[in-house]
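Take a look at the structure set out below.
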Amino acid sequence: MALQVELIPTGEIIRVVHPHRPCKLALGSDGVRVTMESALTARDRVGVQDFVLLENFTSEAAFIENLRRRFRENLIYTYIGPVLVSVNPYRDLQIYSRQHMERYRGVSFYEVPPHLFAVADTVYRALRTERRDQAVMISGESGAGKTEATKRLLQFYAETCPAPERGGAVRDRLLQSNPVLEAFGNAKTLRNDNSSRFGKYMDVQFDFKGAPVGGHILSYLLEKSRVVHQNHGERNFHIFYQLLEGGEEETLRRLGLERNPQSYLYLVKGQCAKVSSINDKSDWKVVRKALTVIDFTEDEVEDLLSIVASVLHLGNTHFAADEESNAQVTTENQLKYLTRLLGVEGSTLREALTHRKIIAKGEELLSPLNLEQAAYARDALAKAVYSRTFTWLVAKINRSLASKDAESPSWRSTTVLGLLDIYGFEVFQHNSFEQFCINYCNEKLQQLFIELTLKSEQEEYEAEGIAWEPVQYFNNKIICDLVEEKFKGIISILDEECLRPGEATDLTFLEKLEDTIKQHPHFLTHKLADQRTRKSLDRGEFRLLHYAGEVTYNVTGFLDKNNDLLFRNLKETMCSSENPILGQCFDRSELSDKKRPETVATQFKMSLLELVEILKSKEPAYVRCIKPNDSKQPGRFDEVLIRHQVKYLGLMENLRVRRAGFAYRRKYEAFLQRYKSLCPETWPTWTGRPQDGVTVLVRHLGYKPEEYKMGRTKIFIRFPKTLFATEDALEIRRQSLATKIQATWRGFHCRQKFLRVKRSAICIQSWWRGTLGRRKAAKRKWAAQTIRRLIQGFILRHAPRCPENAFFVDHVRTSFLLNLRRQLPRNILDTSWPTPPPALREASELLRELCRKNMVWKYCRSISPEWKQQLQQKAVASEIFKGKKDNYPQSVPRLFISTRLGADEINPRVLQALGSEPIQYAVPVVKYDRKGYKPRSRQLLLTPNAVVIVEDAKVKQRIEYTNLTGISVSSLSDSLFVLHVQREDNKQKGDVVLQSDHVIETLTKTALSADRVNNININQGSITFAGGPGRDGIIDFTPGSELLITKAKNGHLAVVAPRLNSR
């Protein structure tokens, strides 16, 4: 049988049991899984599963080509050592099912193809076995699949981890926190329909049994400017559209909202309210359910939605200038809704939106705002309300996720697994303050990534006793220092500009940068650039040379966004809010605190430093996400875009670090188990230490000293070509081993089959001979007994039934009945019947009569009503004429028909004269006069009540059946007959003499219609009839050679008729 294999999206090579059936088996040493090395034979088609095995590992083109090959085969995961590289397929590959989770659960990292679940399981097992906190760092560009990867990790832990003792409440809250955070923190951008507009770090706490018992979420730098402004083709945060699309009518009415997003200023700027890939209505149902799961009360949900609605109403609040150019609120309806939703006084809110409170020398002064300032204050309030509500929402979720057993002694044994879903490096056509912060974050994480990767490599080498070799790589510390260094860094200069008195602007900030860090090799402005570079730099821009490439930032809005200014009277108004959530978001302590709050950049820098410390305290795992194209199309591989991401993710740096020492490393046990067949000394079993076996094996394979090193528990192979050569040799060895195994197996199988057949044949032959002997003896015994009984019965066959003749009598009876069954009569006319034995004569007669009745019954059931009527008439004709009328035998084979005249042959006047009386039978006849016997053509009609004689269109005579006394006919073959009527009937002139060509049929139907079957007289010689009052007529019948009807000299009607049948 030919071996058929197939590559599936997980990267596994599976054996197809039958090409036309869906049953498949994975190949591997354990019969279930394949190892990474098993896929090396297919490397020319699908690439290598670990970039470390690339021969030309320094070539970016080779790196991207390997990515392309795997992407083309729907293999979206590839390793760089322990780092997982994921390419977004933009479609569902069906590789995240429960079955896939079980495949990767509890399996060594390299025993299965690359997958997110392999990373998840490795991290989880390290968390449990080493009792050390872990962290999974997920990074990549917007739209690369970071949020989806985070959700898949949480799904894996929710499905595979043991349930806590108190049920799955924590597990459900961890999963349901995602839809809520996505609704309030994600939005549609040009690059991603579900882009996270904030950074997220989630800690999941596990007890000593490995069950999730709690969690905590940290959020970073929400893009709150999106609340008031979106670029073309982008949307605001999802929650606004979900509320409008999915909210109940009563809810929207209470919030003063309508369903059309085009009605709200904050939702129309991107001109992209509807997105085909987003179902806001169904997402709203998911969010509402999730809020319940994470312990939101109905009052809290109502307060939260009031805040969301208030942001929309703020966007629709408009101003107009009065005579002094001061702003005045013109949308009173919006103000009314805002007053109710925010829980503040209307007059206070109106004043706060149109005035600014200034404290000078201990005195409070109100300064009116112009239109531009009022719009700024309104937008600042909207951003502050939304961003602080988001912060409160994260804190609320954290309270829901907090473990309820934090005070118990077992709490000390908990471990933490961190999930970092942070925004990727961003380079847009116009880059502002948000991109500066995001890219600074990526610089810090890249610095941490290189440090931790080098550290883990060095620790492994030291643990294995391998000499550490220094690695050349780009250290981006110089860029991090450029941004964050005290006094000289960009953030310090930005803060200084924000805090200094006087007219500080974005351009003065840029000038300060040029004066302070103009000599830095990674910093450039229009003023500092050469003549050629100035063409690509405006005067209000500066350029940073990041590790991922150059990014040009526009300083417009830097100071404003860094200050994040909210006027004091707006804070005071919000602090007085009766909305419980806003009451927690705007604390009155802010009003009494005279200290200027930290700037946004400083807050972000401090939180980022804290995050770095958190990640350093944990054992890291990395998932690097790549977006294959900007159009979000499955199957499209944009090489330019991917090369850019490979660069800014530092994947080539990571690969160089990993390959600086050795490309491949494996435990001695695993290496020996896989390749032991290549050496006669280690095949088929090695009984010594695995390390000694590997030493013998590599010596036999001819490894050069510079190609490998032997550690304490692992073998290290420096070059991929060495591993490829070993793998190719293994493939050849497997072919020869397979041939040998097949030959041995075939011989063994055939011999075993022969021995089984031989044993079976002997057993069957022995059993069958015994069976035949027993059957033959039993048959002889039975035959002798039967013959003896038959002879005894034959001798006593005439005696009464007794035990001696009972068998013979029963046999005779049975034989007769069986023979009778084969010789039963086929029809009622068949009178044959087998001769019965004396003992069955009476039973035979009963059966014969029963059989005849049964045939008659079957025949009667089979005839139609018309045929039944025909037979009945024939039976009446037979009863009347059989043996009495000479021409009767000739009428027997002729069928009686219902009428001899069609409807068109009877004059309509006759039909009119009869009225509703139906005609049962009609026949043409010849009527003979009573005196001269002149023949006249007439029609005889039978109705239910009378015989009617018709001449053309006139009814000549009507004889009621009650007046019909009889019918006379001769015994010869003539066709004359006489209808006798009562002599007392004055309406009748006498009897009627008629001739019909169908005399038997006519007389039978007349007799049946008139009920005169017994009144038909068949006469010989002559018939006397009443010719009129007091006068009789005579018809004389004589046999002759031919039919002749004449008037005789004696005044009689003479009829000569031939004889048709001898009597």
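Using N, Cα and C of the backbone, Cβ positions are placed for all residues, glycine too.
In Swiss-Prot, the feature region 'Actin-binding' is placed on 608-630, out of the ranges 79-101, 608-630, 746-768. Ranking the binding-site residues N88, G143, K146, N192, S195 by the distance of their Cα atoms from the Cα of S1041 (phosphoserine) places N88 first. Cα-Cα distance from K146 (ATP binding site) to K486 (N6-acetyllysine): 33 Å (rounded to the nearest whole number). When the binding-site residues N88, G140, N192 are ranked by how far their Cα is from the Cα of S864 (phosphoserine), N88 comes first. Taking Cβ-Cβ distances under 8 Å and a sequence gap of 6 or more within the same chain, the neighbours of G140 (ATP binding site) are S86, K146, G424, R624, C625, I626, K627, Q645, L649. Panel annotation: around the domain 'IQ 2' (758-786), no residue of the same chain lying at least six beyond its termini places a Cβ under 8 Å from a Cβ of the stretch (none).
Beyond the ends of the domain 'IQ 1' (734-757), by six or more residues, the same chain brings 677 to within a C-beta distance below 8 angstroms of the stretch. Averaged over the domain 'TH1' (885-1059), the predicted model reaches a pLDDT of 89. In the three-state DSSP classification, S536 (phosphoserine) falls within a helix.
Fewest other C-beta atoms within 10 Å: among the recorded positions N88, N192, S195, S536, S864, that description fits S864. Of all the recorded positions listed here (K146, K383, K486), the one with the fewest other CB atoms within 10 A of its own CB is K486. With respect to their backbone Cα atoms, G143 (ATP binding site) and K383 (N6-methyllysine) stand 25 Å from each other.
The shortest Cα-Cα distance from N192 (ATP binding site) to any of the modified residues (K383, K486, S536) is found for K383.
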